[in-house]
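If you check Swiss-Prot, you get these features:
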- 1-159: domain 'Obg' (DOMAIN)
- 160-333: domain 'OBG-type G' (DOMAIN)
- 166-173, 191-195, 213-216, 283-286, 314-316: GTP binding site (BINDING)
- Ser173, Thr193: Mg(2+) binding site (BINDING)
Amino acid sequence: MKFVDEVQIRVDAGDGGNGCVSFRREKYIPNGGPDGGDGGDGGDVYLVADENLNTLIDYRFERFHAAERGENGQSANCTGRRGKDRILRVPVGTRASDEDTGELLGDLTHHEQKLLVAKGGFHGLGNTRFKSSVNRAPRQKSNGTPGEVRTLKLELLLLADVGMLGLPNAGKSTFIRAVSAARPKVADYPFTTLVPNLGVVRGENSRSFVIADIPGLIEGAAEGAGLGIRFLKHLERCRVLIHLVDICPVDGSDPAENAVTIVRELEKYSPELASKPRWLVFNKMDLILEEEAQEVMDRVKTALNHEGPVYAITAISKEGTKKVCYDILDLLDTMPRQLAEDAKDAIEKVEFKWDDYHKNQLAKAEADALAASKAFDESLDDDEWDDEDDDGVEVIYVRD
C-alpha cells in the first residue's frame, strides 16, 4: 500500500435542527398553550486513532466528510433527534491542524484516542421556551445554527524512539536491516529509500525500541533539493537521533563536509530537532585502514564540535551494531517517555464556534421576556385612575 503521510480534507459538522411553533389542541382544551419542541443538535466530527492503520491514503481519494443534521422539533414538546457524529479513523501519530488559520487542533498519540475537530450546530428553540407571564401564546422560535466547517491538514508523524540521519547511500537501510526484522530496499544508487521505514530492535529482558529510517538528505534539502526535508517531521517525536556517516564515500567526497551538511540542513528545518541527543556512528569501517579511519573520525568530530557518543560499525556484516543498540536501550531507560504529556501541554484549548451559543441563546430569551414584562407593568401604571387629577364633572347614576 502506498505510504501517504499528509492530506487535506474538509469536514462539515451537522446543522442544528429548527425549533417548532405549535400549540396544544385537544378536545375540551381549546387554549392549551405552547408545546413546540426544540430541534436536535447537529452531529460532530471526530478523529479516532487506530493502531491498525499506517497511512492516510484513504483520505487522498475521499476528501469531504459530513456529519448528520439534527432533526427539527415537533409538537407535544417533542425534541428533534440529534444528528449522528462522523468518526474518521486515522493512524496513531496523526496531527490535525486547521488549514485556514494554522491552529493546531491536537495530536493523536495512542490507540482509540478521540479528538473533536468540528462541532455540530446548536439546536433551535421551540416556542415553549419563549412563554412567560406576559406572553402566554408565543409565536417566536429560533432556527438551528449551522455546523462548523473546517479544512483540515492531517499529518502522520511516525512514533519512533530513534531516528536515523545521513546522506543517501550512507548505509541507513543496511543498518536497520542488520538490527531489526525490517527489510527496506538496499541498492547501490542514491535515494533507494523513498518513504520512511520502521524497525523494532529487541534486546534482552524484553527490552526494545522502534527505529525510523528516512530518505537521505543532501545539501539544499531545506530549499527542496532531492526529496527535500518533508520526511524530517517523522523524527520530531524521536528521543535520540543517530547520525550515520559514510567514512569512505564512493564519490570521493569529504566525510567531514558531508556530516556538516546534514547538521546544517537539520538546523534549518528545526533548531528544536537539532538540539535532540545525537549520536555519531561511522559506517563502512571495512573499506578503510584503521589509522586512516581514526584520522577521518577526528576530523569529523572537530568539524561538528561533537561531544556525544561516537561509534564505528560495519552494518553489512553487523560488526559493532550490537553495542550501539544495547547502549541505546540503556539510554532510553533513563529517558521516560513523555510524549502524551508534552503534546497535551503544548496544545492550548481549542475554541469551537458554538461552545457558548446555548448559554447566550437562553440568556437572550430570558432578557426579552423580562423586558416585555417590565414594559407591560409600566403600561399598567400609566393607565391607573387618579381622582385628584380629575377636574371633570362627576356623573352619578341612581336606580329608581
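Keep in mind that glycine also has a Cβ here, set from the backbone N, Cα and C atoms.
Here the features listed in Swiss-Prot are placed on the structure.
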residue: Gly166; record: GTP binding site; Cβ contacts under 8 Å, 6 or more apart: Lys172, Gly216, Leu217, His243, Leu244, Val245, Asp246, Ile262
residue: Val195; record: GTP binding site; Cβ contacts under 8 Å, 6 or more apart: Phe3, Pro215, Phe231
residue: Lys284; record: GTP binding site; Cβ contacts under 8 Å, 6 or more apart: Gly171, Asp246, Ile247, Cys248, Thr314, Ala315, Ile316
Given Asn169 (GTP binding site) and Thr193 (Mg(2+) binding site), what distance in Å do their CA atoms have, once rounded to a whole number? 9
Excluding its own, the Cβ atoms lying within 10 Å of the Cβ of Asn169 (GTP binding site) add up to 22
Going by DSSP, is Val195 (GTP binding site) sitting in a helix, a strand, or coil? coil
Quick one: average pLDDT across the domain 'OBG-type G' (160-333), no decimals. 85
Count the other Cβ atoms sitting within 10 Å of the Cβ of Ser173 (Mg(2+) binding site), across every protein chain shown. 24
When DSSP states are folded down to helix, strand and coil, where does Asn169 (GTP binding site) land? coil
Once DSSP output is merged into helix, strand and coil, Thr314 (GTP binding site) belongs to strand
Which of Thr193, Thr314, the listed binding-site residues, has fewest other Cβ atoms within 10 Å: Thr314
